[in-house]
Every structure is written in C-alpha cells, then in structure tokens.
C-alpha cells in the first residue's frame with residue numbers, strides 16, 4: 001500500500017520524519033480504566049462532581065444495584081436505590097436474559113445502546129463476555145440497519161458532528177467534547193456505509209460501533225475514544241426527503257470545498273490532541289479514501305480500515321489457509337471481484353507479503369493477482385481509462401467481460417469478493433472453481449449479509465464440501481452430506497482493535513505497511529490445530545482479547561524497529577504490557 005501511496009505523494013514516505021510535525025505527550029489513566037489499575041480505589045469526583053442522584057446518571061461511574069452499603073452511605077445514594085445489593089455478574093445475567101427475549105436484531109442493538117448510555121462498564125462487560133453473540137448486534141450486519149434508521153432511533157448524541165456549518169470553527173467544536181486525552185478517533189463522511197451506499201449524517205452508527213469494539217476487543221479506554229461524523233450533505237434522495245433525517249439537507253460538497261473542510265479538520269485534530277492521536281478513516285468513497293490516506297499518511301497517524309484493515313485481515317486468512325491449501329503464497333493465483341478500496345488494498349498487501357517472502361520486486365508479485373471490476377478483467381489495454389489505484393493491476397491479457405470467463409481464463413486458486421454486490425459468485429463460477437482446484441479458497445467479503453457474494457451454504461453445496469470458505473458477515477454452520485461445516489469470518493474486528501492498541505502503547509506517530517504485515521502474521525499465528533481441523537482459517541472470537549494483545553505487541557515491536565515509536569523505554573514484554581494497558585469493565589470500588 002505504501003508503494004501505491006508514495007506514487008500519489010510524489011515519492012514521500014511515512015518514514016520521512018518532518019521534525020516540525022512531532023509533538024510530545026502521553027495519556028494517563030485518570031479514570032482507573034486499565035487492567036493494571038484494578039486494585040486502585042476510585043474517587044468519582046476527581047474529574048467531575050458525581051454523587052447522589054447525579055452519580056446514578058453518570059454512565060462512567062454508575063453501578064446500579066451493585067453499589068455496596070458503604071458506598072451508598074458515602075455517596076448519598078441511600079434511598080435512591082432498592083435495598084438489594086446485586087453483583088455485576090447477576091446484572092449481566094439479567095440483561096442477557098432480557099436482550100435474548102427480543103426478536104429483532106435492531107431491538108437488541110437499541111437495548112445495548114441504551115445500556116451504554118446508562119452503565120458503561122456493564123455494557124462492555126456484556127460485550128466482552130458474550131462477544132460472539134453480541135458482535136453481530138453492535139457491529140455488522142445490524143449496525144447497517146441501525147444507520148439506515150438512525151434518524152428514527154436517534155436519542156442521545158454519542159460523538160461529534162462536524163458539518164459545513166462549522167467551517168472555520170472546527171477547533172472550537174473539538175474543544176466542546178468533554179474529554180481532553182483522546183487516543184483514537186474514528187471518522188466517517190457517510191458516503192459509502194458498508195454496502196448500503198450514501199447514508200450521510202446517519203453514518204454515525206459506524207464510528208460509534210467501531211469504537212465500542214476498540215474498547216471491548218482491543219482494550220482502548222472508552223474515555224480515550226471519539227466518534228466523529230463529517231457532514232458535507234448527502235446524494236441520497238430518500239434521506240433528503242425524510243422528515244426524520246438528522247443531517248444537512250443538501251447535495252454532497254465536493255472538490256475544493258470538501259478538501260478545505262477535511263484539511264481544517266485534520267489540522268485541528270493535531271492541534272487539539274497532539275501527534276499520537278490515531279485518526280481512522282471509515283467508509284469514505286473510493287475517490288476520497290485513497291487521496292486522504294496518501295495526503296495525511298506522512299503528516300498524521302492515520303489508518304483506513306476499509307483499505308488497510310480489510311487487507312490485513314484477509315492476508316491473515318490467506319496465510320493461515322496455506323496450511324490447508326499447501327504450497328507457498330507465490331504458488332497461488334488470486335482473482336478478485338471488486339477493484340475498489342477494499343479489493344486493491346487487499347491485493348497490494350498480499351503482493352507485499354509475497355514479494356517479502358520470495359525476495360522479489362513487488363511488481364513481480366502483482367503478476368499473480370488479477371482483478372475484475374464492473375467492466376470486466378483489468379488488463380493493460382484498459383490502462384489509460386483506469387483510476388490510479390487500479391492501474392498497477394492492469395496485466396497483459398486479452399479483454400474478458402465476465403467473472404465466469406475470467407475464472408476460466410486465469411484459473412485462480414483463490415477467489416476473493418469485495419464488490420459490495422450480493423450473489424455475484426454464481427453457481428457456475430463456484431462450480432468452475434471446484435473443478436479447477438482440489439481445495440478452492442473462496443472469500444465472500446462484502447457486508448452486510450445481504451450483499452455477500454454468496455452464502456456459506458451455496459459455497460459448500462456447490463463445491464460438494466471441497467471449499468475453504470470465509471465471509472465478511474457471519475453465517476450459520478452448514479450441514480452437507482452428514483458433515484457440519486463452520487465458516488470463518490474475515491472480520492476487520494480481528495485486526496483494527498489490536499492494531500490500534502499497538503499504536504497507542506508504543507506511542508507510534510505514523511502507520512507503515514510493515515505494521516500491517518506484522519498484524520496479519522500475528523493473527524494467522526493464533527489459528528490452532530483444532531481450528532484447522534474444522535476447516536477454519538480464523539481463530540474464534542471468544543479469544544479476541546488474547547489475539548488483540550498479541551497483535552498489539554507485534555505492531556508495537558515493528559513501530560520500535562522502524563523508529564516510529566515515542567513511548568520510551570521500550571517495555572521488555574510487549575504482550576504483558578499490552579494486557580496491562582487494556583480497559584477492564586470490572587466495577588471499581590469507590591472511596
């Protein structure tokens with residue numbers, strides 16, 4: 001990816017440190033949120049006055065019925081709660097029972113969001129302890145429906161909204177946020193939400209959901225997370241006519257007006273929060289996503305989950321799958337359906353890993369990777385009309401119009417879908433993959449479930465159980481001829497929480513491709529023999545915090561190696577250090 005971005009920047013690298021762009025600082029755990037501070041007593045009014053009735057309405061400190069008799073006397077809670085004292089475990093049991101009663105995923109999503117606004121620690125306790133059950137609720141696929149209906153279900157703002165109305169005042173807007181020590185910002189402009197298109201201001205559900213996972217899965221403190229939506233309008237006619245729409249009612253701003261707003265935003269972020277705040281770009285359209293990453297990669301700590309996070313998690317699955325497929329990475333041929341930010345990002349990272357392993361130029365590795373877009377196979381005769389990020393993939397070949405013909409011509413061992421269009425891996429395509437390969441690797445990555453290129457059932461049935469399959473959204477296990485197949489989920493949530501934690505604990509000031517490769521290799525290393533025996537190329541999400549700690553350690557180690565880390569001295573055991581820095585949702589004892 002860095003090789004592509006360097007072309008866009010005129011040769012500048014993230015390793016070219018500009019001395020004018022380094023700022024000192026560090027983040028102290030003032031709320032007692034990390035695992036390392038579990039035994040410390042917390043004074044709830046150290047930061048803000050919280051006692052009595054107001055304490056019960058402060059989500060960061062509220063424990064509900066878990067306040068002890070001593071705490072009820074000390075903090076003026078006597079009589080404001082029923083007499084019973086309930087443990088956090090009992091509260092968790094009761095709430096999970098309640099959530100399971102709801103029939104619709106959106107109802108469960110709303111119940112979880114209401115819990116977060118009422119009792120933050122209990123929300124994260126539920127999410128961490130029941131991650132496999134609740135991940136599809138707070139993240140994809142349910143978050144997609146939540147964004148579509150965000151105007152109707154909107155109750156309480158959960159982040160910052162920066163619109164064209166705030167132009168010239170963005171620094172002041174950032175100062176309206178109550179937290180000063182921000183480590184991670186997830187920002188969207190809502191133009192390409194999952195596979196659902198332009199949802200404008202209602203895309204806020206994505207940064208909110210991503211940051212909940214940063215905390216639950218990666219251990220980044222909730223107080224250090226800031227969701228932001230940049231509202232430059234929407235081209236979605238349905239939303240513009242919706243009386244409940246919460247954003248600007250105008251067509252999207254583009255060109256200079258758009259880039260000036262983003263420039264002011266990025267400058268204000270650095271001025272307000274310093275050099276080490278991670279800005280994660282989320283669900284920007286292709287034409288903006290690559291430009292923003294190229295433009296700010298050398299001056300800010302920036303990460304695009306759609307380009308880099310997706311690439312890293314897919315590469316991890318491919319590395320792990322080699323154990324089942326056989327051969328080395330360079331022995332395989334890859335065919336992509338979809339040549340947008342996700343597809344080209346994955347392709348570039350696979351090529352980078354391949355070139356590293358065979359010690360050859362990346363241009364050589366790219367020749368093993370082919371992409372199909374809406375106009376057919378990307379070939380050299382189309383080069384002049386291609387967008388810049390597609391051009392490296394224009395190989396010598398006669399034009400091919402359809403995916404099926406491309407599969408027959410290229411004979412790939414790995415088929416990857418990142419098109420955002422559902423049911424594009426047809427029966428003929430998958431049967432052809434099965435006829436060409438003893439064990440085809442098929443990855444249907446588009447989200448949400450409705451946009452997946454094929455279902456798990458289709459993949460296993462049409463290949464007669466031969467395929468190794470993973471998808472972007474979760475699918476139920478599939479029974480075929482008496483055997484149960486459990487498909488993996490190539491979910492970015494495996495990578496970005498641990499990746500972000502690694503940047504935070506090392507005090508990294510730039511993101512480099514080698515960090516993404518380190519994250520992929522760390523994730524692939526977590527797949528056990530038992531997982532392989534079940535045909536899985538990703539470990540279970542139930543171990544995600546351990547996985548994230550290992551990813552964080554590898555990313556941090558790479559940051560130190562590249563000279564991009566600022567937190568000195570380097571901790572001796574980075575895995576243990578990562579675990580000690582992780583947010584713990586266990587209730588704290590109040591003085």
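Cβ from N, Cα, C; glycine included.
Quick look at what TrEMBL lists:
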type: DOMAIN; residues: 116-297; note: domain 'Malic enzyme N-terminal'
type: ACT_SITE; residues: 139; note: active site, proton donor
type: BINDING; residues: 192, 447, 491; note: (S)-malate binding site
type: ACT_SITE; residues: 210; note: active site, proton acceptor
type: BINDING; residues: 282, 283, 306; note: divalent metal cation binding site
type: DOMAIN; residues: 307-560; note: domain 'Malic enzyme NAD-binding'
Check your understanding: Do you see any of the recorded positions 139, 192, 210, 447, 491 whose C-alpha is within 10 Å of residue 283 (divalent metal cation binding site), and which ones?
Key -> 192
Exercise for review: Give me the non-local Cβ neighbours of residue 192 ((S)-malate binding site): same chain, 6+ apart in sequence, Cβ-Cβ under 8 Å, ordered along the sequence.
Suggested key: 198, 283, 284, 285, 286, 306
Revision key, fill the gap. Here the Cα-Cα span from residue 282 (divalent metal cation binding site) to the residue listed as 'active site, proton acceptor', rounded to a whole number of angstrom, reaches 9
**Study point:** Site diameter for (S)-malate, Å, by largest Cα distance between 192, 447, 491
**Key:** 18
Check your understanding: How big is the Cα-to-Cα gap, in Å, between residue 139 (active site, proton donor) and residue 447 ((S)-malate binding site)?
Key -> 11
Point to revise | Chain-mates of 282, 283, 306 with C-beta within 8 Å of site centroid, divalent metal cation | key: 188, 192, 193, 206, 281, 284, 289, 304, 305
Check your understanding: Who sits close to residue 491 ((S)-malate binding site): which same-chain residues at least 6 apart have their Cβ under 8 Å from its Cβ?
Key -> 135, 139, 140, 313, 472, 538, 541
**Study point:** Rounded to the nearest Å - Cα separation of residue 447 ((S)-malate binding site) and residue 210 (active site, proton acceptor)
**Key:** 15
Practice item. Return the residues near residue 210 (active site, proton acceptor), defined as same-chain residues 6+ apart in sequence whose C-beta is under 8 angstroms from its C-beta, sorted by sequence, else 'none'. Key: 139, 186, 227, 280, 282, 305, 496
